[in-house]
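Copied over from TrEMBL, here are the features:
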| type | residues | note |
| --- | --- | --- |
| BINDING | VAL16, GLY17, ARG18, ALA19, SER44, ARG45, ARG46, SER77, SER78, SER79, HIS80, TYR98 | NADP(+) binding site |
| BINDING | HIS280, CYS281, CYS292 | Zn(2+) binding site |
| DOMAIN | 9-125 | domain 'Gfo/Idh/MocA-like oxidoreductase N-terminal' |
| DOMAIN | 133-243 | domain 'Biliverdin reductase catalytic' |
Amino acid sequence: LNTTSIGKFGVVVVGVGRAGSVRMRDLRNPHPSSAFLNLIGFVSRRELGSIDGVQQISLEDALSSQEVEVAYICSESSSHEDYIRQFLNAGKHVLVEYPMTLSLVAAQELWELAEQKGKVLHEEHVELLMEEFAFLKKEVVGKDLLKGSLLFTAGPLEEERFGFPAFSGISRLTWLVSLFGELSLVSATLEERKEDQYMKMTVCLETEKKSPLTWIEEKGPGLKRNRYLSFHFKSGSLENVPNVGINKNIFLKDQNIFVQKLLGQFSEKELAAEKKRILHCLGLAEEIRKYCSRK
């Protein structure tokens, strides 16, 4: 594609933590997708002035500027909904890190708003671009699942900023749904020791064919970031993923997908399937939260 004929989309990055910093780096490096994007500035609650020559701009300026056509929302999850709404209302395309919102209703409203405004709303799912996932997808295809489990461990995470564990851990849920199709909730429990910064969420799900899947998120001091999985099929078992190499440029791969959407290169069918999966996962996360709070 010829960039000169369509010009570049001006981009502002909101939030310059880990994801935002990677996004800014990718936007400034010469990649095929970055050729369509022009990093105009970043928005942050901290006074930073500039980062590597990129200027900080106020939220108001980012929203009102004619130059800014795209917002990358990389702030903490609890602020996503508000930022997405503001940028869509200002007529900007939006890329947002997962989870796009901390409630299903909010997500549905924002998709509707994006459609009304004729703008792209894209939720990042870099976990689907990982080498491990590609390996699993190949392993699982055409097999009959008997039962499975996925345990994720990591250090503590603040719920106020990142949402209930079913939302902050939605990338694990997305793996399970992308591998085994739509799931339904059987039960869920949450064990918490706030004074020890420890929590363990155990979720029992089942596939459309009624095969049980257990998803566990365990977070606390001293727990290393790790994934343990075990899938049992009629034809054998899969226990954990072999070391399949490093995940190179997964945020950049996500940016490529976003640019394809900006350029109208995704079919309606692909977009609808993706939206359906995202809303299904957010809906499950919300059911899990409700189930745990009833206890």
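The first residue you see is number 1, and the count goes up from there.
Just so you know, glycine gets a Cβ as well, placed from its N, Cα and C.
Whatever TrEMBL says is automated annotation, not expert-curated.
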Looking at the binding-site residues ARG18, ARG46, HIS80, HIS280, which sits with the largest number of other Cβ atoms within 10 Å of its Cβ? HIS80
Binding-site residues listed as SER44, SER78, least Cβ neighbours within 10 Å: SER78
What is the biggest Cα to Cα gap, in Å, among VAL16, GLY17, ARG18, ALA19, SER44, ARG45, ARG46, SER77, SER78, SER79, HIS80, TYR98, the residues listed as binding NADP(+)? 22
Of the binding-site residues listed here (ARG18, SER44, ARG46), which is spatially closest to CYS281 (Zn(2+) binding site) when Cα positions are compared? ARG18
Would you mind checking how many other C-beta atoms are within 10 angstroms of the C-beta on VAL16 (NADP(+) binding site)? 21
Cα of HIS280 (Zn(2+) binding site) to Cα of HIS80 (NADP(+) binding site), in Å and rounded, measures 19
